[in-house]
Amino acid sequence: MDQASDFFVATRAALAQLSALAVQYAFSILGAIILLAIGWIASGVLSRWAYRGLSSIHGIDATLAQFFSNVIRYAILVIVFVMVLGQFGVQTASILAALGAIGLAIGLALQGTLQNIAAGIMLLVLRPFRVGEYIDTGSINGIVQDIGLFATELKTYDGLYRLAPNSLLWNVPVTNYSRLSTRMHDFKVGIAYEDDIDKAIGIMLQVAKGDERVLDNPAPTAFVMDLGDSAVVLAMRYWANSSVWWATSRDITKEVKEAFDQQGITIPYPQVTYHAPPDEDRPPLLQLSEQAPQTRN
């Protein structure tokens, strides 16, 4: 009888303890669900606000705005997750330490990738080039097709596709041929020493001023650049809109050559003149070699 009463007492105590634990964890689970719901909604709302706010700022790219809005969203979700674990008695300090260690390990493993992301953010913020512009770094050149967080897509003048890591583009000087609206062309040509310099300069300026794509301000200028070994080097500088610069430079080069031909202006090319000494002044060995018969196999 005593054993039966002891069993019932123990069972009643166990059930009471289980009921207390159930109530305790029920509130913890309910609180965790509420926290998750609030965190999920808040992260979505705040990330959308951040995206709209950043997108409204002049010069902020949509890719960059989306990146920062995602960072805000996932940061809020991580904080909410840590708070949920705290509801169940988990030490949040140890969780944060573990997350820090994991983040450090990931950062070391993805060092190159993170450099590309950092460079991509800087490229999107400072905008040294935009989509549709032609750039040249010395080793990479082409028309920008897309600027991402990791890499930039380029299309070369001969139709090739290139994917350049952002860190490579950020760490070298970049020449942007399309950023400014106008460009100068430094045109050089050599004429014979016997030709009339003023006449040649007049022809060059006439060709440039006759092209409607050449800008009047600044006006084209031409002058003697150098006295070469076989030619007087003339230079002409004129400005044109960047969008038509290549076509203008090609056409003017062709037209100057044709105008020089029509006006009798000679464009010399390097020549070597060999003066042979008389036979009596040549070494005997050279005379014998020239007199020797030539045979074919």
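Each Cβ is built from the backbone N, Cα and C atoms, and glycine gets one as well.
The feature compositional bias 'Polar residues' is assigned by TrEMBL to 288-297. Taken from TrEMBL, the feature domain 'Mechanosensitive ion channel transmembrane helices 2/3' covers 70-111. Marked as domain 'Mechanosensitive ion channel MscS' by TrEMBL: 113-179. What TrEMBL lists as domain 'Mechanosensitive ion channel MscS C-terminal' is 186-267. The region 'Disordered' annotation in TrEMBL covers 271-297. Among the features that TrEMBL reports, transmembrane segment is placed at 25-51, 71-90, 96-126.
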Report, as numbers and ranges, which residues of the same chain sit near the transmembrane segment (25-51): CB under 8 Å and 6 or more residues beyond its ends.
65-66, 68-70, 72-74, 76-77, 79-81, 83-84, 87-88
Residue list, the transmembrane segment (71-90) vs rest of chain: Cβ under 8 Å, 6 or more residues beyond ends.
25, 28, 31-32, 35-36, 38-40, 42-44, 46-47, 50, 96, 99
Averaging the pLDDT values of the domain 'Mechanosensitive ion channel MscS' (113-179) gives 88
